[in-house]
Amino acid sequence: MKKTKKFNSPLLVLVILSVILLIKLGVFRNLVYGEVSLLRLVAIDFPVFMLLPVLLFVVLRRVSPLVALVYNLFVSALLVSIVWYERYFQTVPSYFDLQQGDQAGSVMETVSLLYAPLDFLFFADIVVYIALFVLYWNRPLTMKNRKKISVVAFVLVAVSLVTTVVALQKPILDMTLFAKEQGFVQTQLVQAAQQNSASAQMHLISDEELAKLKGNEFVPYTEHERFGIAKDRHLFVIQVESLQNFAINQSIGGQELTPNLNELLGDSLYFDRMFQQIGAGNTSDAEWLLHMSLLPKGLDPTVNYLNGTPLPSLVNMLNEQDYYTTTYHADKLEYWNRKELYPSLGFDYAYSSDEIPDEDLIGLWPSDRTMFQFAEGEIREQAASGKKIYANLMTVTSHTPFEVREQDKYLELPEQYVDTYTGNYLQSIRYADEAVGEFIAFLKAEGIYEDSLIVINGDHSGLHGRPMTVNDTDLMGELLGHSYSLKDRFLLPFIIAAPGLFESEVNSNFGGQVDMMPTIMNLMGIEPQAPMVGHNMLQYENNLLAVRYYLPGGSYITGDHMYLGQNARYPERYYDFDTMERIEPDKETIEQKQKNALKILNHSDALLSNFLDEGEEEAETGEES
Ligand code: GP9
Ligand code: MN
């Protein structure tokens with residue numbers, strides 16, 4: 001009896017639980033935010049994380065080492081996932097990414113490259129909990145004085161409430177900075193609350209005003225240079241996974257990285273300054289930008305909010321011009337909610353892993369060659385039946401972690417690149433180029449090529465985040481002849497091949513993924529039926545891009561400058577966009593451009609709200625936001 005009493009020490013278990021949690025949260029802060037503020041640790045992070053077990057103890061009327069053990073395992077798994085996510089994407093995830101683990105696929109496939117052995121120390125405390133569990137087995141830690149733990153619970157609830165209410169008063173400009181200052185859990189709550197309250201600043205602007213905000217003068221669509229020169233041509237858009245612009249016209253060890261794309265440039269108009277604009281929805285956001293010319297939501301994948309409203313998409317506009325519209329992607333339709341996305345965009349048919357043979361797997365998916373060969377069969381039939389074709393072909397083989405089989409390695413890499421992340425990326429891009437080349441050869445052989453507009457674009461960067469070691473970055477520097485910069489990372493190729501219409505034309509107007517749709521529409525002579533945020537890159541020289549999620553909140557890019565807002569790790573940064581040299585921030589210009597960029601973002605969100613579930617309220621029209 002006496003012995004039982006002696007061990008019956010619930011407060012000791014509570015103290016142990018608290019100390020371990022504080023250590024874990026401290027390490028987490030250091031790994032993710034690069035700082036450990038004691039005040040934030042104790043007042044913001046600790047109370048919310050301690051709340052759940054303490055409430056459970058109150059309800060159970062005992063301090064349960066089993067509950068403590070299970071809860072700690074959960075917290076460790078959560079913190080490690082966030083650490084890995086941040087290492088890859090350089091931002092903390094939103095609750096969507098954690099809740100839909102399969103959709104954060106890119107991270108999970110790359111875990112082997114993201115983990116550091118020391119990460120597993122997050123789970124080291126399991127020994128302590130098992131010891132406690134054994135020690136108190138059959139000796140219930142009854143809370144004789146329940147008052148004490150109820151007071152603890154009350155304090156934790158009160159502090160958590162206060163920190164959440166404080167956080168709710170502020171806008172999330174940058175996820176990681178917000179989480180660092182307001183707490184990770186509070187950030188998720190604020191984000192959920194902001195999703196549920198209809199967007200606060202719904203202000204539409206006119207096309208003229210939009211052009212002015214970007215530094216241009218509006219020109220009516222039909223008056224654009226070369227409007228309709230590709231009218232009634234077939235349209236093929238090949239979205240190449242992880243293809244960055246630096247790969248085009250690039251050589252390594254005397255071999256071209258993209259010989260087939262380089263050859264295609266002979267018949268192309270090539271935009272060599274198009275910037276990435278996707279948010280958390282990665283590939284699916286790229287599909288959204290291409291087909292809607294609206295900015296993605298940013299913190300969440302845009303596709304998760306679709307409510308079945310028919311969209312004024314590029315696909316639907318082509319449907320109205322009697323095109324037969326299809327998309328091809330060797331993955332499940334469930335991934336990235338494409339089951340909703342494709343009918344909303346209006347595709348006549350979406351070919352997925354349901355039809356594309358499950359053969360010749362590279363990594364998780366059938367190879368690009370398999371996808372293209374399947375598509376060729378369909379396209380041959382469509383062409384034979386005299387249809388005008390729009391086919392969107394999405395490759396996957398060059399997805400991280402860039403696995404390429406020996407027989408598909410077309411490059412003989414210099415020794416230092418062999419079996420490195422950078423080297424593997426180059427090999428997989430070279431493979432994708434080969435597969436695209438074979439598809440172009442098919443179009444030529446079938447006599448389709450001459451009557452087509454063939455667009456090649458990259459969906460987002462491939463070389464970024466933790467899988468890139470210092471050595472990988474150095475290898476990129478060696479390849480490029482200058483250090484691998486954010487500009488090298490974020491510029492994506494936008495190539496429009498139109499045999500007979502273009503000849504080795506390069507256009508360096510600055511643009512973003514949002515500008516692809518208006519540029520394509522202009523060439524095809526299609527006037528927009530709904531407002532778009534992007535513009536025809538052939539027509540307009542100036543631009544102003546706001547990028548959420550992958551750049552800190554408040555960041556913007558023009559053809560001349562790149563401004564990065566403050567985030568959890570860095571102060572604000574200002575670059576000359578040509579040289580990527582850091583220059584002294586010019587406060588006045590930055591303030592003005594930020595204001596304009598915010599107006600463009602609000603305009604896009606207002607347009608978006610008409611098509612998404614959260615947008616029950618109609619957007620208002622107005623000049624100011
Ligand atoms: C999955 C493929 C890759 O369907 O599109 O998606 P990502 O991980 O790049 O978003
Ligand atoms: Mn992708």
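Cβ coordinates come from backbone N, Cα and C, glycine included.
Automated prediction, rather than curation, is the source of TrEMBL annotations.
Taken verbatim from TrEMBL:
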type	residues	note
ACT_SITE	Thr283	active site
BINDING	Glu241, Thr283, Asp459, His460	Mn(2+) binding site
BINDING	His399	substrate binding site
DOMAIN	234-526	domain 'Sulfatase N-terminal'
TRANSMEM	12-32	transmembrane segment
TRANSMEM	38-59	transmembrane segment
TRANSMEM	66-85	transmembrane segment
TRANSMEM	114-137	transmembrane segment
TRANSMEM	149-168	transmembrane segment
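By the count of Cβ pairs under 8 Å, the stretch nearest in packing to the transmembrane segment (114-137) among 12-32, 38-59, 66-85, 149-168 is 66-85. Distant neighbours of the transmembrane segment (149-168): 10, 14, 43-44, 47-48, 50-51, 54-55, 57-58, 63, 143, 178, 182-183, 186-187, 189-190, 193; these residues of the same chain sit at least 6 beyond its ends, with a Cβ under 8 Å from one of its Cβ atoms.
Shown in sequence order, Gln239, Val240, Ser242, Leu243, Ile278, Asn282, Ala286, Met394, His399, Gly458 are the same-chain residues outside Glu241, Thr283, Asp459, His460 whose Cβ sits within 8 Å of the Cβ centre of the Mn(2+) site.
Within the chain, the transmembrane segment (38-59) has long-range Cβ neighbours (under 8 A, six or more residues past its boundaries) at 10, 14, 17-18, 21-22, 25-26, 29, 67-68, 71, 75, 143, 146, 149-150, 152-153, 155-157, 159-160, 163-164, 180-186. For the binding-site residues His399, His460, the greatest number of Cβ atoms within 10 Å around a candidate Cβ is found at His399. Using CA atoms as reference points, the recorded positions Glu241, Thr283, Asp459, His460 were checked against His399 (substrate binding site), and the closest is Glu241. In the vicinity of ligand 1, defined as a Cβ distance under 6 Å, the following of the recorded positions Thr283, His399, His460 are placed: Thr283, His399.
On the backbone, the CA of His460 (Mn(2+) binding site) and the CA of Thr283 (active site) stand 7 Å apart. A gap of 6 Å separates the Cα atoms of Asp459 (Mn(2+) binding site) and Thr283 (active site). Long-range Cβ neighbours of Glu241 (Mn(2+) binding site) (same chain, at least 6 residues apart, Cβ-Cβ under 8 Å): Thr283, Met394, Thr395, Val396, Thr397, Ser398, His399, Ala432, Gly458, Asp459, Gly462.
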